[in-house]
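J.: Attaching a single structure in structure tokens format; questions to follow.
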């Protein structure tokens, strides 16, 4: 069975540094598993690998969509599996690298993802239900037709509740049944990079300061000037939506930066919950001899 190395971990843990150094040593190529780095024109806020880093090792699934374009989990899975197969066919080693839990699980666990395209009118109708009757009402609808999915998805995650209802209403099949898994066509070695949470928070805060110094606020302004609306999934993502009050004149920049810190810390906690459920994890801390040797 073909080899795959997966490097997972929360934001700011050091995935990119390790992945690039390791890829150089083993003739590897990096397949990004980051739901924000797929977007062009969004470089600073997504902590996208720099041009220098991308030149040191081939990268895949970065800068493949414009900010207004949709990108589903099924599309990611298809493109990631194709990239992995292509890399292996050329005798190179694929490294799946990222912190988006669903992206990682879809590839590593062999998720069977419903190929139901987005239904804008249906989504708008369901969004109105959530808005006027509350997320709990929408979640109750899901529980009535797919209790397994409802048990997995919290009522507060309106986007996933809507997707589950959309799949059922279009296909007539519960999304939980359509998401049954089969073994992937490779043998993954999954490495979870782990640091103490206080250290992660400090590293994330320092990176936010670097982002601000590098022009993150200007990047957001340029996206808005280009016609990209806050309602887009890309613009509502971490690193961008936190600046909406600043650009709408309802908060100062310092307040928005503090909100970005707070939301990033919360995101780190959610990421760690995802990684714990991945199978066959090797946990590496910064003093792990292999981690130290690779980046030396």
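Each residue, glycine too, has its Cβ placed from N, Cα and C.
Heads up, here are the entries from Swiss-Prot:
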type	residues	note
BINDING	9, 10, 11, 12, 13, 14, 15, 16	ATP binding site
BINDING	11, 12, 13, 14, 15, 16	substrate binding site
REGION	34-37	region 'Interaction with substrate tRNA'
SITE	100	site 'Interaction with substrate tRNA'
SITE	123	site 'Interaction with substrate tRNA'
J.: Could you check the binding-site residues 12, 13 and say which one's CB has the fewest neighbouring CB atoms inside 10 Å?
T.: 12
J.: At a 10 Å cut-off from the C-beta of residue 14 (ATP binding site), count the other C-beta atoms across all protein chains.
T.: 17
J.: Using the Cβ centroid of 11, 12, 13, 14, 15, 16 as the reference point for the substrate site, which residues of the same chain not in that list have Cβ within 8 Å?
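T.: In sequence order, the nearby non-listed residues are 9, 10, 17, 47, 99, 193, 203.
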J.: Return the single residue from the recorded positions list (15, 123) that has the minimum number of other CB atoms within 10 Å.
T.: 123
J.: Beyond the listed site residues 9, 10, 11, 12, 13, 14, 15, 16, identify every same-chain residue whose Cβ lies within 8 Å of the center of their Cβ atoms for the ATP site.
T.: 99, 193, 200, 203
J.: From the Cα of residue 123 (site 'Interaction with substrate tRNA') across to the Cα of residue 15 (ATP binding site), what is the distance in angstrom?
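T.: It is 35 Å, counting Cα to Cα.
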J.: For residue 123 (site 'Interaction with substrate tRNA'), which of the recorded positions 9, 16, 100 has the nearest Cα in space?
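T.: Smallest Cα separation from residue 123 (site 'Interaction with substrate tRNA') among 9, 16, 100: 100.
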J.: List, in sequence order, the same-chain residues at least six positions removed whose CB sits under 8 Å from that of residue 11 (ATP binding site)?
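T.: Sequence-distant Cβ neighbours: 47, 99, 200, 204, 207, 264, 267, 268, 271.
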J.: Work out, from DSSP, the number of helix, strand and coil residues along the region 'Interaction with substrate tRNA' (34-37).
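T.: Per-class counts: 0 helix, 0 strand, 4 coil.
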J.: Just to verify a number: CA distance, residue 16 (ATP binding site) to residue 100 (site 'Interaction with substrate tRNA'), in angstrom, no decimals.
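T.: Their Cα atoms are separated by 14 Å.
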J.: Please report the Cα separation of residue 9 (ATP binding site) and residue 100 (site 'Interaction with substrate tRNA') in Å, rounded to an integer.
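T.: Per the Cα atoms, residue 9 (ATP binding site) and residue 100 (site 'Interaction with substrate tRNA') stand 9 Å apart.
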J.: Could you round the CA separation between residue 13 (ATP binding site) and residue 100 (site 'Interaction with substrate tRNA') to a whole angstrom and send it over?
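T.: Cα-Cα, rounded: 13 Å.
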J.: How many Å separate the Cα atoms of residue 12 (ATP binding site) and residue 100 (site 'Interaction with substrate tRNA')?
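T.: Just about 13 Å between their Cα atoms.
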J.: Report the same-chain neighbours of residue 10 (ATP binding site): residues 6+ apart in sequence with Cβ closer than 8 Å to its Cβ, ordered by sequence.
T.: 99, 200, 267, 268, 271, 272, 275
